[in-house]
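The structure appears right after this line, and notes come after that.
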Amino acid sequence: MWQLLLPTALLLLVSAGMRTEDLPKAVVFLEPQWYRVLEKDSVTLKCQGAYSPEDNSTQWFHNESLISSQASSYFIDAATVDDSGEYRCQTNLSTLSDPVQLEVHIGWLLLQAPRWVFKEEDPIHLRCHSWKNTALHKVTYLQNGKGRKYFHHNSDFYIPKATLKDSGSYFCRGLFGSKNVSSETVNITITQGLAVSTISSFFPPGYQVSFCLVMVLLFAVDTGLYFSVKTNIRSSTRDWKDHKFKWRKDPQDK
């Protein structure tokens, strides 16, 4: 019965008035999280969306052109500049996702961050990424031309709670052997106002979609079980009432 209820509940949900605009939006995630990468880096894009039991394929788009891959993850083994651009995905029970930008750069070093605009008290994670992950030492992170953090061996730079003073231009530099190399400069902006904690802090957008869908399915299954049990109880009660009992006296009662 359980195998029948789950697919049936989902199909009823889709067929009973769910229009395209009512479907949840798919979400694209980058893994690792950096949207700026160097040539030869490997990148995985993951599509989080809702699927029906009959169709678990995914449509991928690169700069609005359909990609042949139909898996939920799209893997780029060795990125080239041609891989730069916007990526979107869609499933049969999710609408087209918002675009996710991928930038493939040429160079020895690249300063990476999940984003460049933060709110006060947000954590900031910076990474001085080297081409092909070549060993890098005597690494310095600089803000507005002044050294901010030094590492003898390459390490990520963390700012636990951003303040307005953390706004500015950043780059990193280090040594490849005896060769001194630097990344391009990027601007980090800190805006006023504390970050507000919401349910999205605990559930990424894609998981919110799955969570809501699961709750609807559980409600449908629970309703189905209720009516099934109620019908069985009525049937048992009716059979008990219709049954005729015959009584007889025990010989000892004479």
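Cβ atoms here come from the backbone N, Cα and C positions, even for glycine.
Small disclaimer: the values here were computed from a predicted structure and weren't measured.
On its own chain, C47 (disulfide bond) has A26, V27, V28, T58, W60, S72, S73, Y74, C89, Q90, T91, S97 as residues at least 6 apart in sequence with a Cβ closer than 8 Å to its own Cβ. Secondary structure from DSSP puts C47 (disulfide bond) in a beta strand. The annotation disulfide bond is assigned in Swiss-Prot to C47-C89 (among others) on the grounds of experimental evidence.
In three-state terms derived from DSSP, C172 (disulfide bond) belongs to an extended strand segment. Look at Swiss-Prot and you will find C128-C172 (among others) tagged as disulfide bond.
A mean pLDDT of 97 is what the model gives for the domain 'Ig-like C2-type 2' (107-189). As annotated by Swiss-Prot, domain 'Ig-like C2-type 2' applies to 107-189.
Positions annotated as N-linked glycosylation site by Swiss-Prot: N56 (among others). Over all protein chains present, the Cβ of N56 (N-linked glycosylation site) has 13 other Cβ atoms lying within 10 Å.
Sequence annotations record features per position, and here Swiss-Prot assigns N-linked glycosylation site to N63 (among others) based on experimental evidence. In sequence order, G85, E86 are the residues of the chain that are 6 or more apart from N63 (N-linked glycosylation site) and have a CB within less than 8 Å of its CB.
According to DSSP, N92 (N-linked glycosylation site) sits in a coil region rather than a helix or strand. Residues or ranges marked as N-linked glycosylation site by Swiss-Prot: N92 (among others).
The N-linked glycosylation site annotation in Swiss-Prot covers N180 (among others). In three-state terms derived from DSSP, N180 (N-linked glycosylation site) belongs to an extended strand segment.
According to DSSP, N187 (N-linked glycosylation site) is assigned to a strand segment. Spatially close to N187 (N-linked glycosylation site) yet at least six residues away along the chain are W116, G168, S169, Y170, judged by Cβ distances under 8 angstroms. Feature annotation from Swiss-Prot assigns N-linked glycosylation site to N187 (among others); the stated evidence is sequence analysis.
Taken from Swiss-Prot, the feature signal peptide covers 1-16, and the record attributes it to sequence analysis.
Residues or ranges marked as site 'Important for receptor turnover' in Swiss-Prot (evidence: experimental evidence): D222.
Marked as topological domain 'Cytoplasmic' by Swiss-Prot: 230-254.
The transmembrane segment annotation in Swiss-Prot covers 209-229 and is backed by sequence analysis.
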Assigned conformation of C128 (disulfide bond) - DSSP reduced to three states: strand
From glycosylation sites N56, N92, N180, the one whose Cα lies nearest C172 (disulfide bond): N180
